[in-house]
Each structure stands twice: as C-alpha cells, then as structure tokens.
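Report on the following structure.
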Amino acid sequence: MLPPRQQQQPGSLQTSLSLASSDPHMLPNAQEPRFNSDNIHESPTESASSRETWPTADAVTAKKLVNGKTENDSTEQPVIRRLSSADKITLRDIVRERVDVISEKMHRLPDEFLDELKNQLKTILEGNGGSQSREEFLILQKFVQSRSDLTAKTLIRAHRAQLEILVAINMGIQAFLHPNISLSQTSLIEVFVYKRCRNIACQNQLPADDCACKICASRNGFCNLCMCVICNKFDFEVNTCRWIGCDFCSHWTHTDCAIRDGQICMGPAKSGAGLTEMVFLCRACNRTSELLGWVKDVFQHCAPAWDREALMRELDFVSRIFRGSDDPRGKKLFLKCEDLLEKMRGGLAESTACRSKLIFFQELDMESSTSLENGEGLVAPQEACNRIADVVQEAIRKMEMVADEKLRMFKKARLALDACERELEDKAKEVAELKPERQKKKVQIEELEKIVRLKHAEADMFQLKANEAKQEAERLQSIALAKSDKSEEEYTSSYLKLRLSEAEAEKKYLFEKIKLQESSRASQSQSSNGGEPSQMTYSKIRELLHGYNVPSKADSQPNERHSFRTNP
C-alpha cells in the first residue's frame, strides 16, 4: 500500500511536505521546517509529527515580517493605551466569559488589539517561555475543555477572532491564528466540536469516509485519512516509508510509532506455513500486512523523485524496519540499506544509490523465483495438499464471486432490457395513436395547399386585370389631356375672335362718334368763326384715336370684358 492519501480540499492550504520524524532521537539531522511568517515551533500538545507546515519562504522575508511586526507593535502601542480598562480583555477572559459578552466587547475593539491577543497566544503555543508558557497553555485549555456552553449553537454568535482563539487553544495548533488561513466560521465551529479534521490540509468531515471502526468512533477529532492510529498526530509527508498503511482497513500509522509499540514484528508469511517474515500489525483491525513488498512498491514508484537527504532518510526507515528480521530476504534488505547509507555518507551519488536499490529488488525477486524452480522450500505432502486445497478454495471463492457479479450484472441488464422493451411498446402505441391524427393533418395540409394555389391563381388574375385597367386608365388620361388641350386652344381662339369683333365694332362705333363730334364741332366752329376747323382740333382727334388700349391675347380671360381707357 502506497503512502497516505493527502486529499486537498477545494480552497485548502497548499503546504510544504517536509517534516521531521515523530521520534527526534532517531533522526538527529532532522531540520525544522521553514514558514512564510514567524517561525512556528512545536506546540505543547503537538509533536513533530503534527507541526503545521506552510509554503516555504526565505529567511530574509521572515526577518522582514518579524521586524515589520515589531515596528507595528511599537506604533500600535499608543492606540492600545487609549483603550479604557473596562474595554480591555485578556486571553483568560475569552476562555472564561460568556461567548456573547466577549463577542460584543471584541466588536468594539480595534483590529490592532485583536492581533495583539493572537500574538500573545502564538507566543504561548510556541513555548518560547518554557514551563511558564506550557502551564499558561494548560490553564487556558482546561478552561475551554471544561465549559459545557461552548457548543455549535452558541459559537455561531462568536466574533471571528474570538472563535479562532478558542479553536487554537482547544486544538493546541497555532495555524488557526495565522493571517493567511481563512477558514469559514462554520468550518472553525466544526473543528472545535470535532466534526471536521483539524489538519488544515485535510479538512475532511469526520468520521472520514464514514468509517465506523472503534477508533474512528471513540476518538474525538480522529481522521483516518491523515492521522496516526497510535499517536493520533498528523503531518503532510507523502511518497515515503514514514507512514505504513494497512492493506485491509486503509488506516495509517507512523513507522516510528509502529516500531516503538511493537506493531512491526515477525509473523507468518503468506507464501506458506512454517515461514515467517516481517509484518505490520494494524491496531485498527488487528490484521497483518507484509512489509517487504510494500517497501519495494514505495521505492519503485517514489525513489526516482527523492533528493539525497530524502533517500538517506528513507533508507534509514527501511533499515530500522528490518533490523530485527529473521527472514533471509529481510536480512538482505537490511544489510543493503546499511551498505548504501555508509556509501552515501562517503560521497556516493543519490542516483547511483537509487539505481542500486532498484536493481537489488529485481535480484531479490529473481532469487525467489529461482529458489522455487530449483525445489527449494519443498514442503510435506500434507502441507502441499493443504496449499492446493487453499488455492482451489480461493479459486472457487473468486469464481463464485465472479459468478455472483456476472449474475447481478445479467439481472441488471435484463431489467434494463425489459424496461427498454416496455418503453418501445409504449412508443409503438403512441405512434399507432398518432397515425390517424397524422393522416388527418396530412389531408388538412393538402386542402390548405389547394386553397393556397387557388388564391395564388386568383391573385395572378386580379393582378392581370389591374395591369390592364391601369393601362386603359393611362390611355384615357392621355386622350383626355389631348382633348383638354385642343378644347382650350379652340376656346381661346373663339374667345379672341369674339373679342376682336367686339373691339372692331367698338372702334367703329368710336370712329362714328368721333366723326359725329367733329361734324358737330365743325358746324359750331363755322357758325362761330365762319371758316374751316383749326389744326389744333385735328391733332387732338388723332391723339384721342391713338390713345385707345386694345387687350392682348395673353391678357384675355374667358367670360371677362375689357373696357378701353382713353387719355384724359
């Protein structure tokens, strides 16, 4: 079984995967992990196997953050001093007072004061103050764990910072105080009441995978996906021999814890009765899992990606696992690990050591095959019969399982087929019911098409008649216009003629009148002067004749009479 499954939840923290062993005495060269903020050391309730790990940052950045925090603290002091004594609260107030009372006070406090409270708790959890810090933490944790009013219902009313402080004290993990961790209030409450894994990188609902074993059911906050069955601690190591997984129940155990508690020991080999090999006894289900094949799988899948330090650490784990092995194969593996460790300390390249280890596993498999072919490891006839019977029974059991599975699949397929047939029958009935309707619709469509064609023919006929009527109207209009122009000309001509005759008659009338006047004047002149009319009289008569205004053709209008103007 490969190393633990570190399942990343959506939005979970991406973490570094390099931690020290849970047994610091076994790995003297183990290094403390580095963080992207202040260095976070082991909390009083968490061993090295449960340290919080964060994305790696360089020491300069960490130093700047520390200096920035110091400067901020110095600048924030005047703000804190301005708070009244009634408004100030301490960590002990938070763990002792009612949730709603503290929440109301914290809503009135500035963020700088709340950050200072978190920093105080971080200092206590880091344990820099020695026994005094540990005693203070134990007092705070005792207050929190002894309160019966801290339930999911009451914690909903808690202030965010108040809830983070309570969770950090109850779990003993300062990761919940880190500014880069942003868990929802619901998640924090579930962690506090042991309904969610306290591992920031896991965050699974508990019990994980709905496991109902006695360990998952009896241990508050235990997660079988990332925590050790023995020490109840978690870390983020993957692709390593540091964790051993059970082949049956999938619970995990630290290799150091298994060695310390005697869970790794010699046990009956699966290859046959009378043979023993190094096995792992799972505390969760009390069944054994062989270790040599597990180590081989880990190295074959993961060793090419290890660096020098990781490879030496893994070789040391395997060496300690098989140190007390009585199995020849286990002894060879132990000696090979010790030899490679010695050579690597002398300067052997990690790539060469890794290749040598993989070749060793291949040779080990070949030796096992050869020994079986050469008749080594022969057993008594009764034992051989028992083995054959076991194999036959196992084969029969597997065949029965396969047969049951095939029968189940056949029944499922048969049910699906019956359902499809019923559905086809229903569809056929629906089709049969729809056929008359379809025929009726078809007849209606044909009738509508006939009507449409008839209407199109009528429209074409009316359009033709309309075109003919339009042409006839245009022809009649042209004729009417021509007749109108001709009648206008005839009317104008007759009118002008009539006017001309009238003008002639009037002219004639005027000439007669003039003559009469001249004769009357001449008679008067002769009677008065006794001689002929003077030259002045004749000139006035000519002016009078020329002074008549005869109307032109353009000025003539029907049914109008123009009168002549005479000069005065």
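Placed from the backbone N, Cα and C atoms, the Cβ positions cover glycine too.
Annotations in TrEMBL come from automatic prediction, not curation.
Taken verbatim from TrEMBL:
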- 1-21: compositional bias 'Polar residues' (COMPBIAS)
- 519-528: compositional bias 'Low complexity' (COMPBIAS)
- 529-538: compositional bias 'Polar residues' (COMPBIAS)
- 558-568: compositional bias 'Basic and acidic residues' (COMPBIAS)
- 227-286: domain 'Zinc finger PHD-type' (DOMAIN)
- 1-56: region 'Disordered' (REGION)
- 517-568: region 'Disordered' (REGION)
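Across the domain 'Zinc finger PHD-type' (227-286), DSSP assigns 6 helix, 20 strand, 34 coil. Across the compositional bias 'Low complexity' (519-528), DSSP helix (H, G, I), strand (E, B) and coil residues number 10 helix, 0 strand, 0 coil.
Across the domain 'Zinc finger PHD-type' (227-286), the prediction's mean pLDDT works out to 83.
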